[in-house]
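Visitor: As annotated in TrEMBL:
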type: BINDING; residues: G7, D9; note: Ca(2+) 1 binding site
type: BINDING; residues: H128; note: heme b binding site
type: BINDING; residues: S129, D146, T148, D153; note: Ca(2+) 2 binding site
type: COMPBIAS; residues: 86-95; note: compositional bias 'Pro residues'
type: DOMAIN; residues: 7-231; note: domain 'Plant heme peroxidase family profile'
type: REGION; residues: 76-96; note: region 'Disordered'
Amino acid sequence: MGPGNGGADGFILLADGELQRRENRGLADIAHLIMSWHSEFGRYSPHPPSVADLIQIGAIVAAVTCPGGPRIRSFVGRPDFNAGSTPPPPQPPHELIPKPTDDAQTILRKMAAKTFTAVDLVALLGAHSVSRQYFTDLALAGAPQDTTDGVFDTKFYAETRAPRAPLGVYRIASDVAVARDPATHALWRTYSGADAATQDRWTAAYASAYVRLSLLGVADLNALTDCSGVLPQAKALP
């Protein structure tokens with residue numbers, strides 16, 4: 001996540017050793033699925049979708065198929081990292097991806113290195129509304145980050161900034177830090193309501209930030225094709 005490192009180029013699945021890095025634990029199953037799609041498409045076309053595109057389209061489809069999830073603009077045409085290049089590229093540095101134990105200022109600096117603002121960070125962290133942790137605390141593996149982990153809603157924001165976590169919810173320390181930090185607590189509070197206007201405001205901010213995230217490191221944006229029309233329609237909150 002530092003200058004010159006990282007991007008939507010499929011490196012995480014194409015480079016040796018990436019899935020063994022500490023920050024990528026838990027991705028083996030979805031990585032295997034995406035690579036199986038890539039192989040399957042390659043049987044029918046000499047120009048299958050890139051691994052980079054499959055990662056991004058998969059993430060965007062996952063969001064929109066969750067109740068409450070946004071329908072995010074989707075582009076394809078990203079070139080893949082060349083795993084066979086000579087000489088091989090150096091391994092990316094460690095400690096540049098935000099960690100679950102980082103304080104808010106550390107995370108803000110890491111995100112700023114990739115041009116993301118505090119507004120972007122707070123909106124993107126809302127993806128934890130549908131997450132579960134398996135490696136931060138092994139004793140509580142599988143615990144969700146809010147009480148509606150199958151729904152893409154704003155309850156995550158309210159429950160993360162509350163004095164205590166609800167029963168059965170595991171709050172990631174870095175999320176709590178961002179929720180309470182003077183630089184971000186007001187932004188966090190704007191998404192803590194349960195009304196439709198708050199939901200719409202958050203999902204719009206999330207979609208805007210995610211489009212930029214999905215294009216990180218793409219050198220020629222004009223070479224991409226907008227494929228948003230293939231996405232399913234968004235699902236309403238229950």
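Cβ coordinates are placed from backbone N, Cα and C, and glycine is handled just like the others.
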Visitor: Mean pLDDT for the domain 'Plant heme peroxidase family profile' (7-231), rounded to an integer?
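Guide: Taking every residue of the domain 'Plant heme peroxidase family profile' (7-231) together, the mean pLDDT is 95.
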Visitor: Taking the Cβ of the residue listed as 'heme b binding site' as reference, which residues of that chain separated by at least 6 in sequence fall under 8 Å from it?
Guide: Q145, D146, F156, T160, I172, D175
Visitor: Would you kindly give the Cα-Cα distance separating T148 (Ca(2+) 2 binding site) and D9 (Ca(2+) 1 binding site), rounded to the nearest Å?
Guide: 32
Visitor: To the nearest whole angstrom, what is the C-alpha distance linking T148 (Ca(2+) 2 binding site) and G7 (Ca(2+) 1 binding site)?
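Guide: Counting only the Cα atoms, the answer is 31 Å.
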Visitor: Suppose we draw a 10 Å sphere around the Cβ of S129 (Ca(2+) 2 binding site). How many other Cβ atoms does it contain, all chains included?
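Guide: Counting Cβ neighbours of S129 (Ca(2+) 2 binding site) within 10 Å gives 27.
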Visitor: Using DSSP, what's the helix, strand and coil tally for the compositional bias 'Pro residues' (86-95)?
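Guide: Each residue of the compositional bias 'Pro residues' (86-95) counted once, the result is 0 helix, 0 strand, 10 coil.
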Visitor: Would you mind checking how many other C-beta atoms are within 10 angstroms of the C-beta on T148 (Ca(2+) 2 binding site)?
Guide: 18
Visitor: Neighbour count, 10 Å Cβ-Cβ cut-off, for D153 (Ca(2+) 2 binding site): what number do you get?
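Guide: D153 (Ca(2+) 2 binding site): 26 neighbouring Cβ atoms within 10 Å.
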Visitor: C-alpha of G7 (Ca(2+) 1 binding site) to C-alpha of S129 (Ca(2+) 2 binding site): distance in Å?
Guide: 24
